[in-house]
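In what follows, a structure is listed as structure tokens, so that the remarks can point back to it.
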């Protein structure tokens, strides 16, 4: 089995070290990551400048660095470095990736969703912690490592569920033993814009958000309120589904306007 290991936090993230260790011995693993942190880049691709690839050694193992986004990594890995993998694993992200709002902006998820578009299943791992240090050592690190290893091995052994293209896995900030399959909440944060002025009096803006109340039965509630490991299945076919009848009125009016 060929496994591509990636993330959006760059080569020196303790979450990447956990993921590299978790897949060791499962097959032929290749590690390809953005050369610098690329959080919140979603499915973004670099189309306005060339991409560079470098290589370094971490703990005696090769790690390839791409001067782009996690989505860029997928295409560079497949076409330049290692060929098409059987599985992509991404993470372990510093911070949770909960809700549709965050899933669609996350670089960690962007990598596995981009791979899914190319027909390769993927698993994204995230931990609801505030700092990298929490994944560097101690009982919590061991919990995340053991859980990640167990999930990857279970998926490899059982195979990906039918109709599922990617799995979004989130670990709570506390050691847990309960694992639940849940839907994503719609939102994780309320959004706001702060306007400020620079020394020249020109305005600039910061985007930020406050956590919203967790929807019961959602990934946000399971991880942040109940302290459980949440697995959320994601399907591209769900995004592609449509009902022609639902748009019949709109289509009719457009046709009438164009026929005048």
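Residue numbering: from 1, along the chain as shown.
Just so you know, glycine gets a Cβ as well, placed from its N, Cα and C.
Sequence-distant contacts of residue 39 (divalent metal cation binding site), defined as residues of its own chain at least six apart whose C-beta falls under 8 angstroms from its C-beta, comprise 8, 9, 106, 107. Feature annotation from Swiss-Prot assigns divalent metal cation binding site to 8, 9, 39, 93; the stated evidence is sequence analysis.
When each of the binding-site residues 8, 9 is scored by how many other Cβ atoms sit within 10 Å of its Cβ, 9 comes out lowest.
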